[in-house]
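According to TrEMBL:
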{"type": "ACT_SITE", "residues": "Glu88", "note": "active site, proton acceptor"}
{"type": "BINDING", "residues": "Ser9, Thr10, Met11, Asn12, Ala13, Gly14, Lys15, Ser16, Asp87, Glu88, Ala89, His90", "note": "ATP binding site"}
{"type": "BINDING", "residues": "Cys145, Cys147, Cys182, His185", "note": "Zn(2+) binding site"}
{"type": "BINDING", "residues": "Val170, Gln171, Val172, Gly173, Tyr178", "note": "substrate binding site"}
Amino acid sequence: MAKLHFHFSTMNAGKSTLLLQAAHNYNERGMDTYLLIAAFDDRAGKGRIGSRIGLSRAADVFGADTDLFDMIQKRLAEGKVACIFVDEAHFMTRDQVWQLAKVVDDLGVPVMAYGLRVDFRGELFPGSAALLAIADVMREVRTICHCGRNATMVIRRGPDGRTVMDGAQVQVGGNEMYVSLCRRHWRQEVGQ
Ligand SMILES: Nc1ncnc2c1ncn2[C@@H]1O[C@H](COP(=O)(O)OP(=O)(O)O)[C@@H](O)[C@H]1O
Ligand SMILES: Cc1cn([C@H]2C[C@H](O)[C@@H](COP(=O)(O)O)O2)c(=O)[nH]c1=O
């Protein structure tokens, strides 16, 4: 039975690596996959999913207005797909998460979504909140803080290197701007 999976973590935990590895596993067994990524996260190049370990692969992009059910249905009309992979899933809207649930329930294709659970302030992203609410399977991709504890939070650093607590929820960036920490060290950094 097809399921909606949510693999969540902080940044720099290996989500994109795992996505590319899982997709490759399908492909090497002769099964097609369909890869999607949020349009504005173009760190690996527009329409590419990339991991810091050096792997990358082309993907279709979605914006906030994209109907993911329609988009996936069109792709399925072109040929069978064994699994759908979505990177930067935290950038989806709540409606888009429900569209993925409809793909799973009505079209019978499994969906694997990979994304952050919380933003730099410790607040859920809308896409993550919806996935935590309705995904069939949830799995944490674990990584560690500089102290060795499990990292569950992320801080954002401004251009001067200082930790910031103000600003838009969405700001695309990598290790130069974000650091994953355990909750204790996150609290210390943000002065809580
Ligand atoms: N050259 C490398 N060899 C092995 N692991 C690496 C290398 N470069 C980065 N990594 C590891 O890859 C992980 C980040 O992978 P990535 O897929 O980009 O994460 P995420 O999508 O969760 O942000 C980190 O654990 C990092 O230590
Ligand atoms: C914490 C946080 C992150 N983002 C952005 C920054 C990156 O572009 C992605 C996450 O990248 P990953 O390495 O693939 O995990 O999300 C953001 O917009 N707002 C935040 O608070």
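Think of each number as a place in line: the chain as shown, counted from 1.
Cβ coordinates are placed from backbone N, Cα and C, and glycine is handled just like the others.
Max Cα-Cα distance over the annotated ATP binders (Ser9, Thr10, Met11, Asn12, Ala13, Gly14, Lys15, Ser16, Asp87, Glu88, Ala89, His90) is 15 Å.
Proximity to ligand 2 (Cβ under 6 Å from any of its atoms) holds for these binding-site residues out of Ser9, Met11, Cys145, Val172, Gly173, His185: Met11, Val172, Gly173. The 6 Å Cβ screen around ligand 1 retains Ala13 from the binding-site residues Ala13, Asp87, Ala89, Cys147, ordered by sequence position. Annotation note: Ser9 (ATP binding site) sits in a strand segment as assigned by DSSP. DSSP assigns Lys15 (ATP binding site) to a helix. All protein chains shown were included, and the count of other CB atoms within 10 Å of the CB of Tyr178 (substrate binding site) stands at 18.
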